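Below you'll find the structure, written out as structure tokens, and then a few comments.
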């Protein structure tokens, strides 16, 4: 069979490059279009070059030789991408036409909507234009969820301080304030007290002015205010060590939702995720409720052909509360870990759906496997504040080393990999925690509880050597 050609809009996020490009290139010819060259790391660029039959970079971002250099690491691209959505759509259509591609995909949250419009113009399978907008704008997303038959929650669009005051009066506290256009929990804030609410809103609103997003990202209001979803851990789990929310990965094919795998989580730092354990140990009844909620949510968004990453709060009486859903792959190593545990390559599966629709070998339900658990974990400054190695009042610090001591692993849990920020790395503690991952590690074991306990012990006992500054 002749290999089909897929256009990849290459940028940050989603399925990590170290898996995506090799997996995709095994079955498809890849053409990589890079709309934001400054958002590509050196290792990402090397993988793009290695596995693509052609690479197209947006020429408008090259002014000097320095612009051809790629950073070693990047979490969020802070340079400007000032092209309006229509111009981005036209560029995608142009590149797709040059190579007569059979499908278009991206791992980046911010290009979901322009990509959907390009797919529609070219007659290619995609998420769907309105559905992509629903999945990108959290106000539209919540409205779609509330219509879809999942748990309905109070919410209000917020642009101004007056809007926020009105939301406070209507919803009350505790209240969640979310930017409608970002990802990775950036800017998500829990408002607990009426007395400090306006100051919190002003702080977040001011801080988000420093977070650059492409001009092509559009929204009707920059924030959504929502009632807080209260979890009820003991109604779902029989053992300790996890969190009161999960994520579930799935695939949409011709408008039908196909669940793939559920990840358990360890407790968050605020709204910043700390670890994902694949697969979930929840019982069959719990999994069924989660799948039902995810199906209603993603089909309710109107999504047609795409990957989905859906986050669900585990509430009282086993009610599944929809947090949000994205029309893309999960980040971190959640997609590679599904392959490690189940042997299913979701990168290839998505491209199969985009090229062949329901002829792809879609799962008949959640994947099942012999007992083996893989955890994808990060350490943040807050962990070292909690274990007493960083003062609560520190404003920044310079890392000298981070080490995991012997004797912290439980059962047959093993460390598959560990990496930490290089010596000399400066960490600004005024940033949102999600920007400040300072170490990452992967664990593997035959018992999920032992893996979860090992994560906890590492968080409590990891050794940080650093120089820090205190406020004057």
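Heads up, the Cβ atoms here are built off N, Cα and C, so glycines get one too.
Classification of residue 324 (Mg(2+) 1 binding site) by DSSP places it within a strand. Per Swiss-Prot, the feature Mg(2+) 1 binding site maps to 109, 182, 324; the stated evidence is similarity to another entry.
Under the heading ATP binding site, Swiss-Prot lists 138, 178, 184, 185, 226, 227, 228, 229, 268, citing similarity to another entry as support. Long-range Cβ proximity for residue 138 (ATP binding site), meaning a same-chain Cβ under 8 A and a gap of 6 or more residues, is found for 178, 179, 180, 181, 224, 324.
For 142-355, the entry in Swiss-Prot reads domain 'ATP-grasp', with the evidence type sequence analysis. For the domain 'ATP-grasp' (142-355), the model's pLDDT averages out at 92.
Annotation for residue 310 (substrate binding site): same-chain Cβ neighbours under 8 Å, separated by at least 6 residues, are 247, 248, 249, 250, 294, 297, 298, 322, 324, 325, 326. Look at Swiss-Prot and you will find 273, 309, 310, 311, 328, 329, 330, 331 tagged as substrate binding site, backed by similarity to another entry.
Annotation comment: Swiss-Prot describes 311, 324 as Mg(2+) 2 binding site, evidence class similarity to another entry. In three-state terms derived from DSSP, residue 311 (substrate binding site) belongs to an extended strand segment. The Cβ of residue 311 (substrate binding site) lies under 8 Å from the Cβ of 245, 246, 247, 322, 323, 324, 325, each of these being in the same chain and 6 or more residues away along the sequence.
Under the DSSP three-state reduction, residue 226 (ATP binding site) is assigned to strand.
Just so you know, the Cβ of residue 226 (ATP binding site) picks up 21 other Cβ atoms within 10 Å once every protein chain is counted. Secondary structure at residue 330 (substrate binding site), as computed by DSSP, is coil. For the binding-site residues given as 182, 330, the lowest number of other CB atoms within 10 Å of the residue's CB is seen at 182. Listed binding-site residues near residue 329 (substrate binding site): 109 (candidates 109, 182, 226, 228; Cα-Cα distance within 10 Å).
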